[in-house]
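*Asks:* Dumping what TrEMBL says about this protein:
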- 1-15: compositional bias 'Low complexity' (COMPBIAS)
- 1-37: region 'Disordered' (REGION)
- 58-87: transmembrane segment (TRANSMEM)
- 108-127: transmembrane segment (TRANSMEM)
- 147-170: transmembrane segment (TRANSMEM)
- 182-201: transmembrane segment (TRANSMEM)
- 207-232: transmembrane segment (TRANSMEM)
- 244-263: transmembrane segment (TRANSMEM)
- 317-339: transmembrane segment (TRANSMEM)
């Protein structure tokens, strides 16, 4: 009897597990979640986080505008500070307190390599500006010229000294940790200086080439957040659960339009377009290059007769700005996706907490460096095209003169 009762209970419990079809309301509820995390449009605390992010963003934009107004040298100093904070956040990712206690002073080795890379990078890019700054003082000019002449040797000597320092600090039972830190340090140096060195080159060739790409990234981030905040329904990528297609598309359209308009506004200010030949902070005056001289296009039959404007003035740099806007909209966000995957690999939410509502400096700079590198590339291609066109247009004239 007991067997029959137990078997009947088991069969009843088995038959009681009946599958039911998921209701439409449940399907949409799960569809609005990505990787188990709610989208911004369904986040209950979204207004509180938005207020914190807005407060931090206003302060960052205000400080950034002040530094841009102060000039090239201060922008370069800002880039150096950002690099130091990025390196500190990335160095801290692989620190193990148990291992560090056995290696006193080992952390200094990372910063030794960091400042050696800084000396090598900026010594190459700022040598001309540094020499032009000290030309009035004969003794200082000779000292600076000698340092620049042997800059490569000095950097090589410092790197070899760091290498020997690393070998001498190797300890038994920590070999794996130390070599991992050595490789990690070099990867950080490549990531931070490999791209940000082009940022410094852009600054001294004209603030425009730094400010426009940086502004487009900020615009793309802000409008991607706003479109995702109010309209986001469709998850974009699993690496970033709160990113949505609505935010991506809305931000792309807004960024491309902003690029075309901002290039026209910024192109009228010599403070932004003139290159800086030294490290001074005085006002700049220069003849704007051909990229910043408006070209007039007749609208002709494209507009009705009652339309007040029959032609439009467009700077050549505005067409390049469209390419920058397209890059900022489509390619640069993948820098953020890369950073998201990186953080997932280390099981952290943010690289740091130095910016309330945003995370660390690295969280904000993940796209900026790639974007400014693209600006350098476009500017270089434009110069090559200009040189090619000028040479070919002069050849018939030279042959006629002969």
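Cβ coordinates come from backbone N, Cα and C, glycine included.
Whatever TrEMBL says is automated annotation, not expert-curated.
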*Asks:* If we call contact 3 or more Cβ pairs under 8 Å (sequence gap 6 or more), are the transmembrane segment (207-232) and the transmembrane segment (58-87) touching?
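*Replies:* In this chain the transmembrane segment (207-232) contacts the transmembrane segment (58-87) - 3 or more Cβ pairs sit under 8 Å.
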*Asks:* Kindly say whether the transmembrane segment (244-263) and the transmembrane segment (317-339) touch, using the definition of 3 or more Cβ pairs under 8 Å where each pair is 6 or more positions apart.
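*Replies:* Stretch pair touches.
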*Asks:* Out of 58-87, 147-170, 317-339, which stretch has the largest tally of CB pairs under 8 angstroms to the transmembrane segment (182-201)?
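*Replies:* Maximum Cβ contact count belongs to 58-87.
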*Asks:* Would you mind listing the long-range same-chain contacts of the transmembrane segment (147-170), meaning Cβ under 8 Å and 6+ residues beyond its ends?
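*Replies:* Residues packing against the transmembrane segment (147-170) from afar: 103, 105-106, 109, 112-113, 116, 119-120, 123-124, 127, 130-131, 178, 182.
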